Amino acid sequence: MRIILLGAPGAGKGTQAQFIMEQYGIPQISTGDMLRAAVKAGTPLGLEAKKVMDAGQLVSDDLIIGLVKERIAQEDCVKGFLLDGFPRTIPQADAMAENGIEIDHVIEIDVPDEEIVKRMSGRRVHSGSGRVYHVVFNPPKVEGKDDVTGEDLSIRPDDEESTVRKRLGIYHEQTKPLVDYYGKVAAEGRTQYNKFDGTQSVTKVSEQLASVLK
């Protein structure tokens, strides 16, 4: 079972990825992890990627595709794999198809931007312990203070509203077009495309996923 998971940052992809991995015994392949592993293992592609990254440049699509092919040929991918954070763009999706990497399911977790902003910009963290709160969903007993120590809570830079909106803008510009792309591929019968409402409970989304993936 070869799966691509699409959805904006904060849509809840990580939680559902975990569910899919445990349920179907397939590994999650994230390009970041894959790059680090290839560099560490010193494979020819890994060494090439290291050279590019050390020079402060972006790793090319061709190189990433090579790494994906190398990774999915490994033993733990026999039953399939879950691609996370790749492809991000239509040229990458085209390159995958040209390289014969077939996908059985494309899953989109859809959450409106305003809901994502509410989810992410409402997070508060106690830096000393890593305890996480949410002003709406899981508020501290005293506003702005950690329940245990009474110390101040802070907002992670990644959770600042301006940062969240910027990341959402990049997602809509680069990755959202993949939804239409895979919609067409599905219409041609070359994959299955399903969209899930990510504002539902985690359990509900997991149940719906399971009914599609069985």
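Including glycine, each Cβ sits where the backbone N, Cα and C put it.
Annotated ATP binding site per Swiss-Prot: Gly10, Ala11, Gly12, Lys13, Gly14, Thr15, Arg123, Val132, Tyr133, Gln200, in sequence order. Under DSSP, Arg123 (ATP binding site) is assigned to a strand (E or B) in the three-state scheme. The C-beta environment of Arg123 (ATP binding site), restricted to residues of the same chain at least 6 apart in sequence and closer than 8 Å, consists of Val132, Tyr133, His134, Ile155, Arg156, Asp159.
Taken residue by residue with DSSP, Arg156 (AMP binding site) is part of neither helix nor strand, so it is coil. Other Cβ atoms within 10 Å of the Cβ of Arg156 (AMP binding site) number 13 in total over all chains. Taken from Swiss-Prot, the feature AMP binding site covers Thr31, Arg36, Gln57, Leu58, Val59, Gly85, Phe86, Pro87, Arg88, Gln92, Arg156, Arg167, and the record attributes it to sequence analysis.
Helix first, then strand, then coil: DSSP counts for the region 'NMP' (30-59) stand at 22 helix, 1 strand, 7 coil. Residues or ranges marked as region 'NMP' by Swiss-Prot: 30-59.
Taken from Swiss-Prot, the feature region 'LID' applies to 122-159, supported by sequence analysis.
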For Gly12 (ATP binding site), which residues of its chain lie six or more apart in sequence with Cβ-Cβ distance below 8 Å?
Ile109, Val111, Gly198, Val202, Val205
DSSP three-state assignment for Phe86 (AMP binding site):
coil
